[in-house]
Amino acid sequence: MILCHIGYIGFNAFDNFREFIKHLQEGTSISIINSPIVVDIFFTISGFLLALGVENAKKQNTEPLKVFWKGILNRYLRLIIPYIPAVLILMTLAKYFETASPYLPFMNESENCQNHYWRNWLFIHNLYPFSEICFDTTWYLGADFQLYIILLTVMAFRMSYPKIGDHLLKLLFVMGLMTAAYVGYVDNFSFYIDVQLQSLNSSYFPFWIRMAPYLVGVGGGLLYNKLQGKKLVLNRFLMNILWIFILILGGFLYSSQNHRTEDRIFGAAFLSLGRSLWAVTIVWWIVTTAYGYGGVIGRICSYKCWIPISRISYSTCLMNQLVLYGIGMASDKPFHYDVLPNLILFMGYAIAILFLSLIFNVLFEFPFIRLIKLF
């Protein structure tokens with residue numbers, strides 16, 4: 001995602017923009033082209049954790065109403081407390097660079113944040129036109145929070161009425177598929193950068209486009225909860241065959257974005273079924289790894305070195321745009337796109353973002369998380 005945002009936020013300061021577009025058309029910048037589908041990983045994991053949390057509360061005989069209001073309150077406080085200083089920092093940077101930077105920003109952050117910051121703090125900014133969004137790379141927070149409220153409501157209701165709740169989840173999944181397919185068909189959805197930039201308001205930012213992958217995550221969480229405490233003994237040969245199938249499916253879905261399509265049916269199918277199947281591969285990855293059938297991939301994902309990085313993931317999400325925007329607007333020379341040098345540049349950006357994210361986490365996130373957990 002950082003590599004994608006380097007190109008995205010660098011739009012305002014390229015000295016070889018045509019070369020950048022040429023690389024995209026040749027598929028040599030696969031991480032930038034394919035970043036939209038990667039976002040669905042986060043929605044899938046979010047749905048998985050939501051289902052797991054509600055099921056754990058059910059085992060502790062927690063009242064559904066308490067699960068609902070406490071879940072929303074904790075979620076909002078967890079997100080908003082670090083988000084407020086991040087938005088204020090962006091507003092300050094944008095105001096300063098209005099006169100101090102030689103470049104025109106890709107987004108009018110100064111005006112948008114001054115006029116519409118309250119949308120961010122209510123987590124509804126993703127529902128407004130792209131041209132009006134403040135802190136546009138955090139659109140995910142709005143979509144995720146909206147899906148969290150909807151699915152938490154259904155899951156809390158399901159605690160008292162399991163069968164009706166299951167039917168509601170299935171209905172929402174079908175509605176998510178149909179809505180995404182309709183939008184993809186109307187927009188003539190394609191994966192290329194020009195098409196996606198023109199359809200951000202309809203096929204990228206809205207929560208209903210992400211509902212199906214989120215619900216796949218919810219289903220995965222329910223499945224994992226049902227399997228907890230049970231010893232699974234599965235045929236290794238069969239698991240290897242299934243892993244090969246999952247890797248081929250995931251690779252196909254990921255690489256399919258390298259080819260420009262102008263077919264309405266294909267665009268509609270990918271926006272609905274394709275993203276849902278991608279979410280299925282993520283759930284498979286999580287569940288099989290948890291039960292020791294992840295193989296090499298599972299061992300890599302289980303390394304303890306990922307734990308401290310996961311603790312600052314939200315701060316990294318916020319600092320990502322702040323660092324890239326600040327460096328890009330403060331540069332003396334325009335950004336020059338070239339594949340190999342940019343990989344080295346990416347590592348420098350990644351280290352800077354992680355380091356500043358750690359500082360931001362200590363100042364604005366970690367202390368308040370500890371306080372929230374007391375209630």
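From the backbone N, Cα and C atoms, a Cβ is placed for every residue, glycine too.
Segment annotation: TrEMBL labels transmembrane segment over residues 205-225 (candidates 100-120, 205-225).
Mean pLDDT of the predicted structure over the domain 'Acyltransferase 3' (3-361): 88.
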